[in-house]
Structure formats: structure tokens, C-alpha cells
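J.: The structure follows.
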Ligand SMILES: [Mg+2]
């Protein structure tokens, strides 16, 4: 099967069918009608076999994750996802793998109302690159640079589940049978907080998504906003599954540095906290206040029961 047949068979009609796509897959470029009064938000993520995933991972889950990690970046910007492109490097044409991978992209793109509008395929070591484009009302994009001293720091959902899921998949950690599905699901089929990101447009001073773990990720907000942060580890939202599967310090470690949670981290000023609770309650995603932004530029302070919590961060590495 040649490149053109492959594209036609597996990638020509993937995701939602959007009326703003004038020309999609199959031409030299995609032609898209961009909505008036909006800014375009563009993000790219690459997943390399042996670094971000294992060559024998379920291709459907890989397709799902590739879309989700990109959409999660759009969510963090407060954008509405719209269009995707895919650059695929394959060691060989394996039709079973391709059909599952394409199905994973298709169902996830459809879920987020995104259409695959183009891409490229090449032969080489397995590598998956996706670019996602979305729209945000002009001037309303969220960023990492707007955090203010005194802001309250929030995260969505629960932290550390995906990292535990990876350990479970690798056979490095036991999880009781009743929690296994939930924990594996959180690692293999993460969700992007799209509706919530859009709801934060007029509320949050800064926002980002958590891909590498809170401890490392929040440093980007601290540096871009020239502020510090104080976080109470006892306030970190942990799922029952995580609490039942680990001792406290292991759970804090996974929540702080585990990575791949794809939850949102955002900061809100004191006077917006009330509207935050009211506006976000219909979204059905828990939000938890975990600390405050401080004036100690670039410094992240971890506390537990008003005492300093000493923590040696471990970066999230698949093959560590
Ligand atoms: Mg991100």
C-alpha cells in the first residue's frame, strides 16, 4: 500500500465533519474559514515510540491520547478545538495498527468536534506528531503569564492517577482489582478539560494544562508571571483509587511529579472566587484550591500542616 492509498483509506474522513472546512485532506493544503472576531490558537505535540509510549501499546489508545494531549493544550488556552493535522512516521504499513490508530483519532476528534484536515506520512522509526488549531474570542486566550500575587491556585479533577496507571501497566505497582480499570483508563484514555477551559476565559488570571506533573509544570507559570507559589500538599486532590493504592508520600509524589494527568492548573484573584464556584458548578468537574501565588519570584514552597514539606522531585520518565 502506497502513501496515497494509505491516506485515502485511513485518514481522509476522520473526526467531525465541520462546515468551516472548505478543503480538507487530499490537497496541497487545507482551506479553512476562520470565524470573525476570533484569534487562532495553534499547538503541536509529538509522541515518539520508546520515549512517550511503547511500540506495542494499543494503537487505539495512542490515537486517543495523541488527540487528547493536543486538545488539552487548547483547553488550557481557553480555546474551542476545531482542526487537526497529523504527521505520521511509520516503520512499516501495518493495516491492523493503522485501522485501530485511525479509529482512536476519529472517535476522539469527533467527541471534541474536531476535523482532521491534513498531514503527512513518512517511513522511519514510529513517531506521531499532531497539530491542533482552535478558536478563542479575540483577546480572550488564557496564558501562563497572568498570575498575580495573592491569586488562589486551583487544579481540576484528581492528580497522580495517570502515573499510577503507567506503573500498573508496567507491573511496577499493585492496584486492587476494583480500582484497576479506573486507574488504567486515566493513563490510557485521558480527558481534556475543554468546556472548563472556555469557562475560565473571563475568570482565571493564568492557566496551563498538567502534562509533566504539577511540580515542574507550575514553574512555567512562576517564571512567565514573575511570581512564586505556596502549595499545601494535603490539599492535592487524590482519587480514592490512588489513596487506596499508595502510602501518603508515594501518593503526594505521584500527584506532584507523575505527569500525564491533563488536568488544568489555573489561578484566580480573590474577587473572582465566588463567580468561579457558580460558573463552574454545571461542568461536573471538581476543582480544588491547593495554594496561593506569592511574591517570591520563581520559588515554589510546599507545605504540609503549616510545616515545610521537603520533597525531592523526580521528573516523569517512561523508562526511568
Ligand atoms: Mg501544555
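Glycine is treated like the rest: Cβ placed from N, Cα and C.
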J.: Which one, 151, 161, 209, is listed by TrEMBL in the same Mg(2+) 3 site as 28, 73?
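T.: Of the residues offered, the record points to 209.
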J.: Report, in whole Å, the straight Cα-to-Cα distance of residue 260 (substrate binding site) from residue 44 (Mg(2+) 1 binding site).
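T.: So the Cα of residue 260 (substrate binding site) lies 16 Å away from that of residue 44 (Mg(2+) 1 binding site).
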J.: Cα of residue 144 (ATP binding site) to Cα of residue 209 (Mg(2+) 3 binding site): how many Å, rounded?
T.: 10
J.: Out of 73, 119, 209, 211, which binding-site residues have CB atoms lying under 6 Å from ligand 1?
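T.: 73, 209, 211, by Cβ distance under 6 Å.
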J.: Using the Cβ centroid of 44, 45, 120 as the reference point for the Mg(2+) 1 site, which residues of the same chain not in that list have Cβ within 8 Å?
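T.: Going along the sequence, the neighbours come out as 46, 70, 85, 86, 87, 129, 130, 131.
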